[in-house]
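Per Swiss-Prot, the feature Mg(2+) binding site maps to T99, D101, E114, Q133; the stated evidence is sequence analysis. The annotation site 'Transition state stabilizer' is assigned in Swiss-Prot to K116.
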Amino acid sequence: MVNYPNGRSQSYSAVPKKQKTLTGLSVAKKGAPKSKSLVAFGKRGMNFEAEINATNDYYLSRGLAVIHKKPTPIQIVKVDYPQRSRAKITEAYFRQASTTDYSGVYKGHYVDFEAKETHQKTVFPLKNFHEHQIVHMSNVLAQRGIAFILLHFAALDETYLLPSSYLITFYYEKNGLKSIPLAYIRENGYKIETNHIPRIPYLEIVNKLCEVQ
């Protein structure tokens, strides 16, 4: 039996001043209709984490990047020994992850990121982030690694990449705010237009982040 800690989410987890456009990345303008070619996550039968994993598998198969999801640490509580040579775990608990969801290498750069999902329409709750994750991303940036967060607004079917530097700044200077406004994310992050293959083409943005390292 495996138990999740209480409160653990099973999903992942001001007006913009500028719009950003990258090669191969379409940035939607405010009020612009969504492309009919886009398909909602739910309609494809995959959740946000599965979409990212499928994208990482695609990148790996094409030799573009090596990025994997970090395993969730487990604390074993009870073990039975039905046979002398075999052990059976009968009770265990998922422990809180100490860093972020994903890490790997892209073009010689260390890449580290967290993926979160919300059903809110105008804000992203800060409670989805723990201080030890903020500290970890700060340490990655200090070593000149690439760190960011992928944020999916399920109700809007919108996905953004926000460089960790903006999350860290907002986290420590939030002035009592408990959520990150969507406007802040749109202003400082990049909107990702989902594709069929790869699902979430975030490397197009990471490539830009590498150029300004």
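Heads up, the Cβ atoms here are built off N, Cα and C, so glycines get one too.
Taking the Cα atom of each, K116 (site 'Transition state stabilizer') and T99 (Mg(2+) binding site) are about 14 angstrom apart. Looking at T99, Q133, the binding-site residues in this record, the fewest other C-beta atoms within 10 angstroms of the C-beta turn up around T99. For E114 (Mg(2+) binding site), the same-chain residues lying six or more positions away in sequence with a CB closer than 8 A to its CB are T100, D101, Y102, F129, Q133, M137, I149, L150. Counted within 10 Å of its Cβ, the other Cβ atoms near D101 (Mg(2+) binding site) come to 21, all protein chains included.
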